[in-house]
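**Q** For reference, the structure I am asking about is given below.
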């Protein structure tokens, strides 16, 4: 069995020159200072000590370099060797990423567990990120010798799994005339499948490419995002929508359901592929994802059921893993997401949680003796967050054929004590366009998703108006009315506490009842039931339409009844006479989308018509 430790010798390889080494001068937790590093570059990858620990240079002063080590540094000694690799921290991109689980620096955890037989990652482990021996079905596109290719051109397709086609692209920095292209067949990641000639120099390419994680992958141009990210959560899709290529933040205290929302997005959103980064969260949560996702299925347009895991990549960096690797895990995840974006896919990246990432920055900053800013975080916290979120967006991809792709970033934030004035939360909110604020009080009342509809917002509502107009021309007005009802309820609550509900006007009683319908039977959603774990957008629209239709009809009936000589129409009378319709309004959420869109829309339309006729009959009876 091959060793996971690589060449753990007391000295490095004989082929290395002594000038390639530096020597450890100081060790402080994950931070190591090495001398004799003249000529090294910022963010260069190095191997530290006799165990070949992976590290990255984060500061250069003269010939000394400060290195953050991505593994446990216990046992390192002064004068241990530091080997330069002359390349930045990079990820391997190619077939085999989907369905895999990596740590923060893209080491495959399943392979390491199999080879080492241990539940923990051994120090200095050296395992390639992608399996180089697996054979993949390679199908070149209609290209031949003599054709010209430039960076980003798609030249072949690989069958990755029954859910995803993997398009093989030329690296962004390559170009030339084709001198060889492999015929269709099965190849491994070590086999040459393409050869290009440029200015008399020939270069071979495999299906694998590497890319430095801190460098955004180039695009042809950025585009305005105008397609909604449909999550299957009514409160998000209807009231606070995001777009494919948007940036979202989910701040909330512990136990508010951030992880459940992130996982629901991974399971049910209309993205083509999902990169889920567990950054500094509990190991049990990642274990839950690993157990749940392979069992979850999604129904494709042709009726096939496929495992959600086939479109998911997991980057697990749990809270007991080295702190420095948390920072790398975010960049590893976004680089993998950009790779799939460049194929023309819509990618969602979940970062759970960016607060842990910021804490890693704070710890490293403290070790470097940098001047602390608010709450001890480094002064460059906002700049780092911005550079990460800026990698989201809808783009026109580099190369041909012409295609658009997008990366949507959803970042969970865990402010201590649920305090939204925390530096990480406030810096995040100044960058992102969608704010899904979770409320501890709602969570304690078992109202999930616990998104507070009074403080949350989305800046994409205007960009999505054309989509809503095509989908349903009434929806924007209905949504505005629903928001007004919820806001009005908040205003009335203070009056109710002072004088009681009976003292209110009839229209205000109707407002409170409608708001209760919206809160308990529309915004609340049970993620663990077959009928409510995912709500298609047409169901969200029709449910809201019927609730607001009831609100409008009830108000009209009360106003008309006030001017008549007969029996006055009151809220109590409406509730008594139309109790069965009211029950059907409450029961809308129990309609199962598995019955099909036509069946459900038929039921919702019938309820809409029955509401109209029910109120008409009530008015006729009371005249």
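Cβ coordinates come from backbone N, Cα and C, glycine included.
Swiss-Prot lists these features:
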type    : residues                               : note
BINDING : 252, 253, 254, 255, 256, 257, 258, 259 : ATP binding site
**Q** Enter the number of other CB atoms within 10 angstroms of the CB of residue 256 (ATP binding site).
**A** 27
**Q** Determine the most Cβ-crowded residue among the binding-site residues 252, 255, 257, using a 10 Å radius around each Cβ and all protein chains in the structure.
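**A** Counting Cβ neighbours within 10 Å, the top one is 252.
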**Q** With an 8 Å cut-off on Cβ-Cβ distance and a minimum sequence separation of at least 6, pull the same-chain contacts of residue 254 (ATP binding site), or say none.
**A** 414
**Q** Could you find out if DSSP has residue 259 (ATP binding site) as helix, strand or coil?
**A** helix
**Q** With a radius of 8 angstroms around the mean position of the C-beta atoms of 252, 253, 254, 255, 256, 257, 258, 259, what other residues of the same chain does the ATP site pick up?
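**A** Near the ATP site, beyond 252, 253, 254, 255, 256, 257, 258, 259, sit 414, 438, 440, 443, 450.
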